[in-house]
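K.L.:
The following block contains the structure, expressed as structure tokens.
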Amino acid sequence: MAQHRSPAFQDRSQDPEATVVIRSGGSPTAPAGHDPEATVVIRSGGNPTAPAGHDPEATVVIPAARIAAARKPEAVMPAAARRAAPAPPVTARKPEAAPPVAARRAAPAPPVTARKPEAAPPVAARRAAPAPPVAARRADPAPPAAAGRPEAARPATAATTSWPTNRSIGEETVRLTVPAARGPRLDEAATQVIPRPEADTQALPRLEADTRLIPRPEADTQVLPRLEAQETQVIRLPAAPVPVRPTPAPTAGPVRPAPTAAPVPAPVPAPTAGPADAPGPDSRPEFAAAAVLAGLAGVAGQLVPHGGVRVLLLLVLIGAGPGAAAMSFATVRNRLTAWALATALSLSLAVAPAVLTLWLHIWHPAAALGALAAATLLTGAVRAVRLSRAGVRWSRPGRSGPAEPPADRLRTVLPLVTLPAAATLWIITLVRTSPSAIDSYGMSASLGVPFLIALGLLGLGFGFELFGRARPLVLTAGILAVPAIMQGTVPILSGTIEYAWTYKHLGVVELIRDHGHLIDSTDIYQQWPGFFAVMALLSHVSGLDPISFAAWSSLVCMLVNLLMTAALLRQFTANRRVVALAALLTQLAMWVDIGYFSPQGYVYPLMLAFWLIVVRWLTGAPTGHITRFPRAGRLRAWLTRDMPDRPEPARATRLWAAAAATVVYAAIVVSHQLTPVMMMVPLVGLSVLGVLRPRLLTVVLGVVLLGFLAPRMGSVNSQYQIFDFDLFANASGNASTWSTPEQEFSALVARCLALGLWAAALLTVWRARHRLGTVLVAALLAYLPITTLAGGSYGGEAIYRVYAFSLPFTALLVATLWAGGNPRPGRLLTAGSGLLVAVLMFAGLQGLQGQLRVHLVGRGDITAAEHLYAHATPGAGIILVAPNFPTKLKANYGSYNRGHVSVDISLIGDPYFTGNLNSSRLADIKQYIEAMNHPVDYLVVSESMERQTDYFGTLPHGSFASLEQGLRASPDWKVFYDAPGVTIFQLVR
């Protein structure tokens, strides 16, 4: 057996069956008496340069018994003596010398019958003969172990275990199992030997999904590097340069069975330290077909007569079409990630034709959407044809992740009972409840005990499924139930848009739809037209007013957010339980209602998609060292310690990912003021640490942000007073004090939920303080946006945007602490987890809908507002007693309250009237309004305003009744509009 004791690789002219030895050089951690040059034999057949007759099938020899021999002190020479002594010739160990390489190559192949099944031929004879044909070798029974090697025998009950370690050398994977061993591990530089094939080696059949281990005992061996008991090493065998189609097994004889000396248990999956896109089938044909269908939906959306159907078809085009066409060019094998990217790219690309045609004054909505549909349809059709000709076929989605072991009957059956029961109770409560029954403590208290039981059953079922079998479909059903309850209940009950301040967005959409260009350069909504332009396209082509479909915005946005959140969390961990629990926590703790009909509702899923791209393709452990600033280098090394290694994407892949991130970010910049600024802060942090690559991306995105924001900075600063650098005051929100028990209860519950999640996430970071790199990216994305509060309160809204921004990453850290450990706790702990989920959902609902009595907008208010904007004198002033009325809901909203376009004028908003407003103040009210110098003035009084002042305690009870009676009796005022619940007065001049 020729051995080359040199670290250099053998030349191509060498015998392809010769052995290459790679030495460890003597590990300092090796035990006393251990041979530092001990070897492991791993054979790879199928060498394309092998001589004729060589077995094309890949083979692996596992010298299991040699490991045992290597551990026996009497069988091992001391390392020092062995190094001093010259290496004995190979022939000293065998009765016959091996002939030269050339003689072996020239020798003809002996017939298969020359091999005796009852005994193995001498080694030299075996080496002198070339490998017999595959069929002949498979037909022969496995030769027994040499008689002269009793120490290599292994008991039949020897345990072997497995542990996966990836060695990427080629395409085919062989899983090698090492016998359970005790003793210290060798150093990482331990020796490996790649030997030449021998005639008595058993050939592995072609490896399929289930890998078999075929060990052959030998006498001289070395322990595999860094393998322990219960560990398996995965080695990829080199693939041939030209792919070879699999051939059927030969029929000359049965395949030689694997030795059965020791049973091999199933390999234990390794925990995922970093993200990975689970490998799957090529999804490009799927997206090509989706692009064709979305294009057809866009065309049909302009032809069908029914407005509601047209809206749905056009939403399919805007939400999936352009992105599906783009993804038909990209190979992203994880379907969850791919569909999230397709949706985000569609929403981003839809902004371009809307905004460009608006800015260029070539507003033709039907032509713009028609061109978008045609381009999507044509691209999808061309890609489908080309992929079909290239042999790329559509494949069905496979199972996500490894199968879970069976759970006990209770964990299996209970979720299938509790989740439908919770949905049934929720529907029953909806049927029994009317909007007028909502009291001051919000939706949860008003829906009664059956609704609370439904929350408990939902949480209990989800908890038992999460720590039971964790079936993806059941987990998904439990997660989808949360937005259905939290965001779907109000539209079902009332049928109107929630929140009075939402209606001003309808007026901007109608203005762009009707005029096709921007009118007021001081209107902050018109300065960021992305969302409004897309909705104007949808409204114009469908023929429906935005008020017809805006009520369902929260539910639709939260479902899109769920897709983006799950795909983003999947980049951090492959643990199905952690991803599911974090996605659920993100949904149930979103009490700020980020998805209502608004620009921030449109850009929030785009923000999640942006971080998905960055985390998946543009981040990694920092490379290089900081030599100029040693302290900064030590700080970075501490922060990035044990950061999971990610597969380095190709340069072209990284550039395409950076381009996609830029497109998404640009769509956010032209749609919302605050979101891109908050995104820039952690982006700069990742760039400074060297985690973001390329760092030039931060510069490019900063130029995009400043180039758009700089000309508009004056209008933002005049309205929101940014750059006041009062961090604690800005963190207090827009309700720093509580005047009623109802407000205090809802505020305390919401704040406890937010602070509890932030604290639990900090606990996760603290537990990982010795390996901060494992949580660094999530922690930076969760907590760095808080620093933006130093720039301003954004009208009291900044703290709520910070919370919504950090919530997915906070939920990830909490879920890692909660479900990242024991996957099967006891039933008591499982039930406790389920009840805790129910309590958290109640807290999220209380924070979201605790003020539902105030937030509900009745149809009477909407009718009165439409009448006001249809019949009021242009240039007039519209004054509200309290800011809880649907104003600016029509395209002509800019004709009123000039100089106060973006903010409603309300008497309660002025400290001069807060706490004291009744019929005794009529003279003060008249003087206050006349000072505004409007030609005509209107004063709106409604029951919804009274509910707001009662809830927040800004006026004593009975103030509205006194004020309305005084206005009706005063000669200075006359009734302009009167309906149940709403009265509009006009000032007489």
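Note that Cβ sites are derived from N, Cα and C of the backbone, with glycine treated the same way.
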K.L.:
Using TrEMBL as the reference, determine which range in 284-304, 473-493 is annotated transmembrane segment.
P.N.:
473-493
K.L.:
Of the stretches 339-360, 443-466, 694-711, which racks up the most C-beta pairs under 8 Å with the transmembrane segment (578-596)?
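P.N.:
Most contacts with the transmembrane segment (578-596): 443-466.
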K.L.:
Assess whether the transmembrane segment (748-766) lies in contact with the transmembrane segment (802-820), where contact requires at least three Cβ pairs under 8 Å among residues 6 or more apart in sequence.
P.N.:
yes
K.L.:
Where else in the chain does the transmembrane segment (443-466) make close Cβ contacts, counting only residues six or more beyond its ends and a cut-off under 8 Å?
P.N.:
410-411, 414-415, 417-419, 421-423, 425-426, 428-429, 432-433, 437, 474-475, 478-479, 481-482, 485, 489-490, 577, 580-581, 584, 819, 830-842, 845-846, 849-850, 852
K.L.:
Is the number of Cβ-Cβ pairs under 8 Å between the transmembrane segment (655-674) and the transmembrane segment (802-820) three or more, considering only pairs separated by 6 or more positions?
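P.N.:
Output no: the transmembrane segment (655-674) is apart from the transmembrane segment (802-820).
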K.L.:
Taking the transmembrane segment (602-619) as reference, which of 339-360, 772-790, 802-820 has the most Cβ pairs under 8 angstroms?
P.N.:
339-360
